[in-house]
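For reference, the structure I am asking about is given below.
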C-alpha cells in the first residue's frame, strides 16, 4: 500500500496533500474549518444536484416546483432543507475561518489569503443567486433591489442592470440565467479551492504562536484526520438538528408567498449572512457611496497584510489588538442585527455608527494598537 501511495502519480498527489503532509504540531481546533468548508461544499453540490433534477427555472412554475419537491419527491423536503440550511452552515464556517485568519495573522500568506477573498466573493454570489430561485416574495424583491444597485455605476449602470436582467425588470430571463450561474459556480468554487490549497501547501500552515514551525512538524494523517473527524461529527449534528427540527428558523416567512411584482414586502432584506454588508450599504444615504462601502466591507480584507504593523504575526500575545479584534466581532453582530431592522430611528444612527466603527477598527485602530505594542515590548 505504501508503495502505491508514494509512487502512483495520482495517489501520490493525494498523499502529499492529505496523508504525509507536514503540519505544525500545535494547531488548534480553529484550523478545522477548512475541512468543514470542504464538507459543506460537497453537501451543497450533492443536494443541489438532486434539487436541480426536479426544479424548473421558469417564473410560472419555479415556486410550485419547489413545493412539488417538498411534497411529492421522496425525501425532497429533506434535500431542500439540507440545501437551504447547508448554506447557513457554509457561511458560519466561512466567517469563523476568515476570523481565525485575521486573529492569527494568516493573511501574511498573501496568495492563499487573496484566493480566499476571491472564494468568499464567489460563494456570496452563488448564495445570492440561489436565494432568488424559489421565486418567493423575498427572492423577487431581493433580486430587484440588489441587482438595481449596479445602476449606481456612472454612465454604464442602467445598461448593465438591463443586461443582467435580460429585459426591463427581473423576469423569466433573469431567473433562467441565475439558475445557470447558480449551477455552474459551485464547480468553479471547487477548482478555486484546489488553487487555495495549492498556495497553502507552498508555505505550509500557520500556527497559534505565529512562529516558524519547520522544526516541529507531524504528519497530517492520522493526527489531524482524526481531529477533523471530530469537527465533522459536531458540524453534522448541528446541521441535522437545524435541518430536521428548525428548518425555517433562518429563512424569511415572506418567501413562502409566491413572487408578486405588484406587491412590495414591508421590509426587503437578504439572508442573515449578508445582513452585516446590507447594513453598511444602507448606512450611506448616497447610492453609489453605499455600493462602494458594500464592496469595501469585504475587499478591506485584502488590505490586511498592508495594515499589519506589529512585529508579531498573531494576536496570541497582543492584548491591546485582541481587545480591538473582539470589539470588531461585536460590531459585526450589531451590523447583522441592524441589517434586519427597518430603516427608521434609532436603527439608522446605530447602523451608521457601527459601519464607521467597522472600517475605523480595521484601518486605524488595529494598526495603531500594533505600533503601541511594539513600543511597549521594545520591538522597534
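Note that Cβ sites are derived from N, Cα and C of the backbone, with glycine treated the same way.
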Swiss-Prot tags one of 11-32, 55-76, 77-98 as transmembrane segment - which one?
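Based on what Swiss-Prot states, transmembrane segment spans 77-98.
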What range among 263-283, 347-367 does Swiss-Prot describe as transmembrane segment?
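Here Swiss-Prot associates transmembrane segment with the stretch 347-367.
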Would you mind checking how many other C-beta atoms are within 10 angstroms of the C-beta on residue 201 (ubiquinone binding site)?
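Residue 201 (ubiquinone binding site): 14 neighbouring Cβ atoms within 10 Å.
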I'd like to confirm something. Which of the binding-site residues, 83, 182, 201, has a Cα closest to the Cα of residue 97 (heme b b566 binding site)?
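Nearest in space to residue 97 (heme b b566 binding site), counting only the binding-site residues, is 201.
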Applying the under-8 angstroms CB criterion, which one of 33-53, 77-98, 178-198, 288-308 scores highest with the transmembrane segment (347-367)?
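Going through each listed stretch, the top one turns out to be 288-308.
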Thinking of Cβ pairs under 8 Å, which stretch from 33-53, 113-133, 226-246 has the most of them with the transmembrane segment (178-198)?
113-133
If H, G and I count as helix, E and B as strand, and all else as coil, what does DSSP give for residue 201 (ubiquinone binding site)?
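DSSP call for residue 201 (ubiquinone binding site): helix.
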